[in-house]
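Following: one structure in structure tokens, then a few remarks.
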Amino acid sequence: MKFTPAKPPLTGETLESLTARLRERGEPAFRASQILDWVYKKRARSWDGMTNLPKPLRTWLDDTFDLMPATLVLNKQSADVTDKLLLELRDGSLIETVIIRAPQEGVGQDHSRKTICISTQVGCAMGCVFCASGLAGLKRDLSAGEIVAQLLQVCYREDALTPRAHMELASFDNIVVMGMGEPLANYDALIRALTILNADWGLGFGARRITVSTSGLVPKILQLADEPLGFRLAISLHGATDEVREKIMPVNKAFPLAKLLPAVKAFSEKHGRMITLEFILIDGVNDSLEQAEKLRDIALDLHAHVNLIPYNTVEGLAWKRPSITRQERFADVLRARRVSVTLRREKGHDIDAACGQLRLKTEKERQVLAAAKT
């Protein structure tokens, strides 16, 4: 499921591929570095802004490439300073990118830790019953250029807040590939995008600060382990037994815990880095003390960090988050055995921040407006 645009996005080109295209038209190799410097370091918003390029070359670039394949159509900020960016692609598809700010321990309310969460697909085919992203199914994969464009749009937004100087992407602490879609189901585009994100000629963001999340595609986890850049891994677990996990995550039928956990352990041992286990707490589904004990045992075996996430309500779904008391009781089971655990507090609960929810809400509003015009 791919979209073929009239012009490919420049944000999907590597230094090598762009150099090859330029050489085909007789341009010197250094032009590729100049162009990418304009895109990622100087953040030119138009071809005419690339003033050290000859005009014929700028005309060719305009005819050949799409400089920015994503347009910001909505920016919602929550009371806890979580920003959700809704982006429109060339075919009208909508995707979400989230900026999460949180205070560091010991520095009060200075929101100094910043994370960007990016999407890899329009919709999702995994069918997790609690998730807004997959309610309308999978529409298509994102191209590498569309994935990278999300980071540039974040840069544009941050630049606008500090107009005296360009914001460095390195000022963000982490980039997590945990937005709409299953990242490892769009593997080739993902790796190309992360290569561009990491490269010195690209956005220059360290691989150790990039986390790829998956619902559990075992063959792709093992493939990711062989990637030379060494990205971090997070597993969307959400159930500590097959019985619970299969009820809410269909992927568990193909890759049950007996297959998933050894693959995760192999990844961890190869890279020597702590894995993160993502666990959305859903009232009456996976928030029992028995689930907490099973999760504790899994985390201890994998030497993993556990990220507990109270469920963000999704319109049209009956699931809800447990009480704060129940959340703390669950976390205490892990803490008692010194499992590294984070219990996430409000992060965008007031701005449709459940993954994919803002997109669905906007699409419904567009459909209503379109129907009203007919």
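Backbone N, Cα and C atoms are what each Cβ position is placed from, and that goes for glycine too.
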Additional site residue, Ser213, Ser288, Ser323 [criterion: listed by Swiss-Prot with Gly181, Glu182, Ser236, Leu237, His238, Asn312 for S-adenosyl-L-methionine]: Ser213
C-beta crowding around Cys131 ([4Fe-4S] cluster binding site), within 10 angstroms: 25
Around the Cβ of Cys117 (disulfide bond), the count of other Cβ atoms that are within 10 Å: 24
Largest tally of Cβ atoms lying within 10 Å of a Cβ, found at which of the binding-site residues Cys124, Cys128: Cys124
Confidence summary for the domain 'Radical SAM core' (110-350), mean pLDDT rounded: 93
